[in-house]
There are 2 protein chains.
Amino acid sequence: MKNIKIKVPATVANLVCGFDILGMAINNPYDEMELRLLETPDIIIKHTDHFGLPEEASKNVAGVVLLKMQEHLNLKNGFEVIIHKNIKPGSGLGSSAASAAGAAYAANILLGNILSKEEVVHFAMFGEELASGVRHADNIAPCIYGGITLVKSSDPIDIIPLNTPDLFIAAVHPQVEVKTSDARQILKKDIRLKDAITQWGNIAGLIAGIEKNDLSLIGRSLNDVIIEPVRSILIPKFHEIKTKSLELGALGGGISGSGPSIFMITERKETAEHIARMMSSVYDEINVASFVYVSDINPSGITVIE
Amino acid sequence: MKNIKIKVPATVANLVCGFDILGMAINNPYDEMELRLLETPDIIIKHTDHFGLPEEASKNVAGVVLLKMQEHLNLKNGFEVIIHKNIKPGSGLGSSAASAAGAAYAANILLGNILSKEEVVHFAMFGEELASGVRHADNIAPCIYGGITLVKSSDPIDIIPLNTPDLFIAAVHPQVEVKTSDARQILKKDIRLKDAITQWGNIAGLIAGIEKNDLSLIGRSLNDVIIEPVRSILIPKFHEIKTKSLELGALGGGISGSGPSIFMITERKETAEHIARMMSSVYDEINVASFVYVSDINPSGITVIE
């Protein structure tokens with residue numbers, strides 16, 4: 001195979017109480033990527049979108065992943081990559097992870113599936129390192145595996161795909177900037193043991209709820225007493241949106257990744273649509289532009305279109 | 001029904017990384033209790049064992065539970081209770097929880113099953129309050145529900161019974177005293193966020209492993225980076241026993257409750273027996289008397305014998 005076209009899902013990392021360990025792939029929005037295997041060692045990146053991302057290979061998230069694969073796997077081939085990006089950079093919906101994971105995933109297929117899934121994750125993490133300075137798999141893992149994934153450890157890579165409950169997501173991306181580095185710096189280095197115990201009770205409940213498909217338990221467990229109270233300060237109208245979402249029937253939700261997007265989980269699609277309209281109107285009122293998304297969970301991760 | 005005889009399992013609380021939230025019922029050791037419904041309002045407690053526990057109702061763990069039931073449910077009846085205790089008080093194997101849970105459970109049956117399981121837990125917790133000063137359900141919940149239970153919250157009571165994997169337990173009770181109050185005081189009030197994240201990754205992995213019956217994942221998740229490093233100081237030979245147990249094939253393990261008992265989880269019964277012999281000889285070498293137990297998981301909690 002010389003050419004491949006793939007569909008790459010957006011992802012929600014830091015799933016409420018699952019800070020740094022739980023992520024989820026969603027069907028909307030998504031990127032499309034085309035990769036072509038070259039006889040020459042060039043890495044050529046083209047963006048058809050207008051986000052102004054760098055196309056020089058060493059500065060591009062997909063490019064740097066392919067450069068690392070070329071180096072570590074002693075490849076003589078190069079790749080041409082065309083990225084049709086819909087997941088907005090800086091949204092907190094796994095935009096850089098999509099480019100990184102898509103590049104590693106598609107290149108591996110073009111090379112004849114020489115890598116395990118964990119190795120694909122390993123290479124994709126170089127893209128995250130370029131984008132955020134941290135080699136993390138919070139978005140990469142659900143993007144590649146689909147559904148909800150637990151990153152038990154990223155060194156060594158230990159990823160556990162969980163059950164995919166039948167749920168819907170409403171997400172809003174307000175056009176305000178939250179830098180990942182600011183979102184990291186604002187966190188306290190020490191926390192109360194008491195709060196940590198509450199948090200791990202919620203995490204345990206969330207995992208049990210996901211595995212048992214117990215939506216009530218999932219809802220009761222979607223509480224973050226440690227990260228959200230601090231980071232939500234950076235996102236205008238966070239509390240109003242969360243409160244109104246719960247009133248409208250959301251099971252729970254929180255900050256997607258390090259923000260500024262906010263996501264809510266619902267049992268029914270109509271509830272998610274209702275919440276999305278509310279989210280949009282809350283930001284309209286304060287004249288902040290926003291994009292809203294309604295989606296189900298993407299169960300299988302990156303898929304090959306052609 | 002006027003008389004009932006029940007079998008009440010020992011329990012392991014603070015299941016490694018699941019401090020304050022996860023507990024497990026085991027088949028060995030266990031207590032037996034006989035309850036008789038009286039026409040008079042007396043609460044009569046008798047112990048056939050020789051642990052010297054108080055028999056005055058208001059000072060006895062089972063007695064105080066029955067007094068609270070009498071008061072809150074406006075009972076005209078009393079109860080006579082005969083306790084055949086095998087679970088050693090102060091062992092960290094849920095001895096007080098067994099008496100408390102057994103009293104509430106059996107009394108409820110004699111009263112015609114007027115209480116829900118959560119209400120039985122509610123009353124049993126008064127016994128734990130007498131024994132340790134804290135109304136906790138860490139041991140009560142697995143004792144009543146059986147198997148492995150998640151106490152997501154004890155106020156309001158929110159207990160989630162988990163899957164019961166096919167595992168064995170080796171436990172050793174060295175004859176040293178660890179006071180629950182000391183074990184509590186030694187803990188730091190603040191912990192590192194970094195450690196908390198490691199801990200909740202392990203908890204998430206442990207719950208997923210239990211639910212998926214994935215023994216390798218259970219083993220990889222049985223690590224406690226917060227409580228065990230502090231509390232293990234109170235238990236002589238803890239690290240030697242843990243290291244040797246892992247060498248002998250244990251999936252993992254740690255301190256049972258607040259100690260001094262140590263438990264190890266294994267896939268095969270023979271491995272647990274082997275570990276139990278090692279545990280015994282380690283304490284023999286330093287002239288500390290010890291009791292060892294080999295058990296499987298008790299899947300159904302307290303059971304009626306007669």
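In case you wondered, yes, glycine gets a Cβ from its N, Cα and C as well.
DSSP states for the domain 'GHMP kinase N-terminal' (A:65-147), grouped as helix (H, G, I), strand (E, B) and coil, give 46 helix, 7 strand, 30 coil. Among the features that TrEMBL reports, domain 'GHMP kinase N-terminal' is placed at A:65-147.
Taken from TrEMBL, the feature ATP binding site applies to A:Lys88, A:Pro89, A:Gly90, A:Ser91, A:Gly92, A:Leu93, A:Gly94, A:Ser95, A:Ser96, A:Ala97, A:Ala98.
Positions annotated as domain 'GHMP kinase C-terminal' by TrEMBL: A:207-284.
Here the domain 'GHMP kinase C-terminal' (A:207-284) has, by DSSP, the following mix of helix, strand and coil residues: 46 helix, 9 strand, 23 coil. The residues near the ATP site, meaning same-chain residues not in A:Lys88, A:Pro89, A:Gly90, A:Ser91, A:Gly92, A:Leu93, A:Gly94, A:Ser95, A:Ser96, A:Ala97, A:Ala98 whose C-beta sits within 8 angstroms of the mean position of the site's C-beta atoms, are A:Ala10, A:Ile87, A:Asn139, A:Gly257, in sequence order. As a whole-number mean, the pLDDT of the domain 'GHMP kinase C-terminal' (A:207-284) in this prediction is 97. For the binding-site residues listed here (A:Gly90, A:Gly92, A:Gly94), the lowest count of other CB atoms within 10 A around the CB belongs to A:Gly90. Neighbours of A:Ala98 (ATP binding site), defined as other CB atoms within 10 A of its CB across all chains, total 33. Once Cβ contacts within 10 Å are tallied over all protein chains shown, the binding-site residues A:Lys88, A:Ser96 are led by A:Ser96.
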